[in-house]
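Colleague: Got a structure for you, written out below as structure tokens; questions coming shortly.
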Amino acid sequence: CFCGGGSGSGFVSNDMYHHGFFSASIKLPSDYTAGVVVAFYTSNGDLFEKTHDELDFEFLGNVRGKDWRIQTNVYGNGSTSRGREERYVLPFDPTAEAHRYSILWTSHHIIFYVDDTPIREVVRSDAMSGDYPAKPMSVYATIWDGSTWATGNGKYKVNYKYEPFVSDFSDLVLRGCRADPIQQVDSAAARGCAEANGELLAADFALMTPKKRAAMRRFRERYMTYSFCYDTNRYPVAFPDCDIIPSEQSRFYEWGQSKYPRERRRSRRQSRKARAGDPKRASSI
């Protein structure tokens, strides 16, 4: 939870992972939550400040009576200036009970899940080059004041009359190859990570069956409100890894043309090296 102007809190994994499956059941804060951002994500920004990798679920606080929105981000090798962001509304009330949100990251693809439904898949390709996350990352969860951009592009700020803002995280799953990005990897460790990656690729959550693809298509057609692939104002030429789907494109023209995400401040990033006593310090798990 967090309360008081500009404060925030969070936790971070003890280990870094080179690919993995990361999942949590999350219950979001209720009532008026404009400007509040809850995030579940992977990052290595503490070690690679200018070339960091990152995969995000960001839950963007809402004005009372409006739908919560979520944003997924994919950044590789410091590619925030050409960010691959998408936004969606949730088809349920995420404050009433916990729902599971999962990120699968392998050498082949990335899949974001809401409960058992895949909502986004990013397949690695030569065209992405260094924009595909490739360095070991830690797993984070944070809640913080994103008044400058989160709700209505900053129109609606956090109102501390409604504090404390509490988000519950439970049933954490951190499954992957633990790795040290600094030390030289020996052959045994490399083989271990290759085996772990193979196990991830063979797991049920990594297999995109026709049923799963149909469920993903339905979700995106109904609930996606923004995708970088269709934002011609921001990117006149679509990224080579974009698969243009007319039904998704029409959804973007209905909702997203004037609502693209602004470049985000990095205030939410809870440092693994935070000073003792810092209210924004991330604890370890």
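Yeah, the Cβs are placed from backbone N, Cα and C, and that goes for glycine too.
Dumping what TrEMBL says about this protein:
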DOMAIN    1-169  domain 'GH16'
ACT_SITE  Glu54  active site, nucleophile
ACT_SITE  Glu58  active site, proton donor
REGION    259-285  region 'Disordered'
COMPBIAS  262-274  compositional bias 'Basic residues'
COMPBIAS  275-285  compositional bias 'Basic and acidic residues'
Colleague: How many neighbouring Cβ atoms, not counting its own, are there within 10 Å of the Cβ of Glu54 (active site, nucleophile)?
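Modeller: Around the Cβ of Glu54 (active site, nucleophile), 21 other Cβ atoms lie within 10 Å.
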Colleague: Please list, in sequence order, the residues in the chain of Glu58 (active site, proton donor) that are at least six apart in sequence and whose C-beta is under 8 Å away from its C-beta.
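Modeller: Those within reach of Glu58 (active site, proton donor), by Cβ under 8 Å and sequence separation of 6 or more, are Val37, Val38, Ala39, Tyr41, Ile70, Gln71, Thr72, Asn73.
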